[in-house]
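In what follows, a single structure is set out as structure tokens and then discussed.
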Amino acid sequence: MSSHIAKSESKTSLLKAAAASGGSRAPRHSSARDPGLRGRRLPGPCPDSPATCGDPSSRRPLCRPVPRDEGARGSRRGLPQAHCRPRETLPPARGRDGEERGLAPALSLRGSLRSRGRGDPAPAGTPEADPFLHQLRPMLSSAFGQDRSLRPEEIEELREAFREFDKDKDGYINCRDLGNCMRTMGYMPTEMELIELSQQINMNLGGHVDFDDFVELMGPKLLAETADMIGVKELRDAFREFDTNGDGEISTSELREAMRKLLGHQVGHRDIEEIIRDVDLNGDGRVDFEEFVRMMSR
């Protein structure tokens, strides 16, 4: 009798426990059955857990996959990015050698300056050397730029172009041939420029242009073309102005004398040493032509 009562009590307790656990269990797929909950994300743990996910179609990825054409360079085709980091914070692209792309060449050049006896060198662009280098460049621009006079070879170039279009050899070309002459010399004037030029010639020059007028018209264009271009020939000519003894190198005394002539005042010995220290890459205390070119193109 006692054993029968114990079995009944155990069954009763099991039924009560099952009822208690079943009453607290959430209905499965409630979001799919209830129309009011469709399209809403259920709060709770990770949506990938099968115990808490609703309809599999209602799952949302943690990060929107990036289209193929917007993906990061080097990522596998068709796969989303690993995380949603903004594109601006991505590290810069690197080449095969491991160096970052897009670095200015001047950084590597300036970083290659050697250590000097008086301590670390003043990097390019320091206050010690810059004022004088900034004064030297306008001097060369005035010698080879737009505010200079035409050189003999440039005047000869204009003369040859003028002769080619002076068909009757009377020393004049008409305004209609001036546009073709300009195109022959490599200039491409617009129609508006040609109209204005023709009006100027017809009003002031009687419709014809002699050689002096031609030089006055074309000279500024020729100078403007070469204003920002200092070629090897011009740089060698400028280097010879500094290298007075012709040994192929500019010494401290030669640089000081050349700067005195160009700037119109004497430059101190210490300032000259700072300039040479700033541009002397091989450390011999003198400036050769290659270093001079680097100095003027910086």
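All positions are counted from 1 along the displayed chain.
Using the three backbone atoms N, Cα and C, a Cβ is placed for every residue, glycine included.
Taken from Swiss-Prot, the feature compositional bias 'Basic and acidic residues' applies to 1-10. The region 'Disordered' annotation in Swiss-Prot covers 1-131. The annotation compositional bias 'Low complexity' is assigned in Swiss-Prot to 11-25. Sequence annotations record features per position, and here Swiss-Prot assigns Ca(2+) 1 binding site to Asp166, Asp168, Asp170, Tyr172, Asp177. Taken from Swiss-Prot, the feature domain 'EF-hand 2' applies to 207-224. Among the features that Swiss-Prot reports, domain 'EF-hand 3' is placed at 230-265. Per Swiss-Prot, the feature Ca(2+) 2 binding site maps to Asp243, Asn245, Asp247, Glu249, Glu254; the stated evidence is sequence analysis. Residues annotated as phosphoserine in Swiss-Prot, with similarity to another entry given as evidence: Ser251. Sequence annotations record features per position, and here Swiss-Prot assigns domain 'EF-hand 4' to 267-298. The Ca(2+) 3 binding site annotation in Swiss-Prot covers Asp280, Asn282, Asp284, Arg286, Glu291, and the record cites sequence analysis as its basis.
Features recorded in Swiss-Prot, as mapped to the structure shown.
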{"residue": "Asp166", "record": "Ca(2+) 1 binding site", "CB count, 10 Å": "19"}
{"residue": "Asp168", "record": "Ca(2+) 1 binding site", "CB count, 10 Å": "7"}
{"residue": "Asp170", "record": "Ca(2+) 1 binding site", "CB count, 10 Å": "9"}
{"residue": "Tyr172", "record": "Ca(2+) 1 binding site", "CB count, 10 Å": "19"}
{"residue": "Asp177", "record": "Ca(2+) 1 binding site", "CB count, 10 Å": "16"}
{"residue": "Asp247", "record": "Ca(2+) 2 binding site", "CB count, 10 Å": "11"}
{"residue": "Glu249", "record": "Ca(2+) 2 binding site", "CB count, 10 Å": "18"}
{"residue": "Glu254", "record": "Ca(2+) 2 binding site", "CB count, 10 Å": "19"}
{"residue": "Asp284", "record": "Ca(2+) 3 binding site", "CB count, 10 Å": "11"}
{"residue": "Arg286", "record": "Ca(2+) 3 binding site", "CB count, 10 Å": "18"}
C-alpha spacing of Asp168 (Ca(2+) 1 binding site) relative to Glu249 (Ca(2+) 2 binding site), in angstrom: 53
Extra residues within 8 Å (Cβ to Cβ centroid of Asp280, Asn282, Asp284, Arg286, Glu291), Ca(2+) 3: Glu249, Ile276, Val279, Leu281, Gly283, Gly285, Val287, Asp288
C-beta crowding around Asp280 (Ca(2+) 3 binding site), within 10 angstroms: 21
Residues close to Ca(2+) 1 site centre defined by Asp166, Asp168, Asp170, Tyr172, Asp177, Cβ within 8 Å: Phe165, Lys167, Lys169, Gly171, Ile173, Asn174, His208
Shortest C-alpha distance to Glu254 (Ca(2+) 2 binding site) - which of the binding-site residues Asp170, Tyr172, Asn282, Asp284: Asp284
Chain-internal residues, separated by at least six, CB under 8 A from Ser251 (phosphoserine): Arg286
Residue among the binding-site residues Asp243, Glu291 whose Cβ has the most other Cβ atoms within 10 Å: Asp243
Number of other Cβ atoms within 10 Å of the Cβ of Asn282 (Ca(2+) 3 binding site) across all protein chains: 11
